[in-house]
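Copied over from TrEMBL, here are the features:
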DOMAIN    57-106  domain 'Phorbol-ester/DAG-type'
DOMAIN    120-173  domain 'Phorbol-ester/DAG-type'
DOMAIN    211-352  domain 'DAGKc'
REGION    545-575  region 'Disordered'
TRANSMEM  20-40  transmembrane segment
Amino acid sequence: MEADEGSGESAVDTRDEWTLLAWTALAVVVPVIITLWCSVQRSKRKMLIKDIFRRSKHGWHYTDLFNKPTYCYVCSQHIMQGAFCDCCGVCADEQCLRRADRSLPCKEIMAPAQPDGTLAHHWVRGNVPLCSYCAVCKQQCGTQPKLCDFRCVWCQTTVHDDCKPGLQDQGRCDLGEFRSLIVPPHYLHRVNKLRRGQTEEYSKLVAACGSGWTPVLVLANTRSGNNMGEVLLGEFRTLLNPVQVFDLSQLPPAKALQLCVLLPPGSVRVLVCGGDGTVGWVLDAIDTMKLKGQEQFAPRVTILPLGTGNDLSNSLGWGAGYAGEIPVEQVLRNIVEAEVVKMDRWKVQVASKGYYNFRKPKVLSMNNYFSVGPDALMALNFHAHREKTPSLFSSRIINKAVYFFYGTKDCLVQECKDLDKRIELELDGERVPLPSLEGIIVCNIRYWGGGCPLWEGMGDEPCPPTRLDDGLLEVLGVFGSFHCAQIQVKLANPVRLGQAHTVRLVLKSSRMPMQVDGEPWAQGPCTITITHKTQALMLYHCAEQTDDDDDDNSSSSETEGPKQPVPSGGGSGAP
């Protein structure tokens, strides 16, 4: 009996173990299967959405959370996540996305005009901008918690549902406040119909757009600085014709600027959203246009600074960095009010030395500065680490912190010491004796090192003022990284070596870090010759002065006299 009872208990225990094992396996396998199924469904959903986005005429973007109360344009229901078009503003949830894509037209970049030659309003209902007002009754629009009221995607006019029949414009759209900057879709449609050589008809089309028509092209580098380029592309597409807005990560500036040939000669303005390197890229493309005989179509260039240094932007009055502090509407108003100035561009020719070196000299374009020494070393180290891990360098603050780290390191190591023994300097053919320096900086603009007025310095001794268009370069020396830091916080002055039309440097021995406009490299023995290349047409903004600028101007005016009404310059310490 005892044996039978023992065998029965062991069988029960074995059954319990198998039951526990089965439930454990089920508890593990079922969540894994559910997770895999959800992953497959999520992948299918993303592929479906991407396919819709790829085929669509809308500029769809998916978001997990809208930043304001938003309603679907198809089902009229409140939605938290979904897709929106950054051209016309249409919004839809995932279930209604395909229907919205088929039934709701987007902004047409090229379309025929009405029989009377005007453009018709393109109304989109609901989700009007916050704090918008009705064009008829002047009361606020979009206050009801539902899909209501209308907005024209071209002139940005908003109107209540009940007030829409009371509009006095009879359905004609005048393109709104920024009509002088917008390329009308009917203009491109008519240009497309013209045959080559019909210059008279082309002149009539230009005259129909008004004498004050100065269309603007927006070229944004989405990889610059604090990654605001993607957001700015959408905001400018909303206000302008989407054909005027280009992403430089997808289309080089040389191809984007081909649109200038279809627009009035000498009236096009280009807004470059990026750092100083992006501006140089665009200016090189404009030089290529001139070489092709298209100089009459060369645009005027302005800057929305998204980079780290932004010294060229600062010198032209557009600020040391943009972080969304002013709306894009104000940016466009500033472009309308800006004045055209000329800026010198320079050719940097680097001829390497050596018995068996038969390569052609390296030729670079310079807008801001050329330097050899500690600031070039910091840029070289920064550039090397950014190439290895680009995802870590997506913030302007992080970039400047990395620069600070390498500057502190060089203060201890002093890799560029005894520069005066390894290099010779000639200004306009005359040899210049050098003190015990670690670096030489050749500047074309006023600011250097992220906003430091290098040539004027602290104003403790008289010096001729810098100008963008005088054909002169300012040549200065620094004693090391610590001296550079002192200059940036206005505790010291650089060594002013002189001004010249032509600068020649001879590196006699060893390798030294060099940079042109933030693009660094390590260079062996060579001869560097900097000569005038051409002049670019830039837009200068008379921004409000800060207290520091007032102090600089007052101190420099005591020694120099009145300032010229042309913006003046100094180089950049970061790319």
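Even glycines carry a Cβ here, placed using N, Cα and C.
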Averaging the per-residue pLDDT over the domain 'DAGKc' (211-352), what integer do you get?
91
Helix, strand, coil residue numbers for the domain 'Phorbol-ester/DAG-type' (57-106) per DSSP?
7 helix, 14 strand, 29 coil
Using DSSP, break the domain 'DAGKc' (211-352) down into helix, strand and coil residues and give each count.
58 helix, 34 strand, 50 coil
Mind tallying the domain 'Phorbol-ester/DAG-type' (120-173) by DSSP state, helix then strand then coil?
3 helix, 14 strand, 37 coil
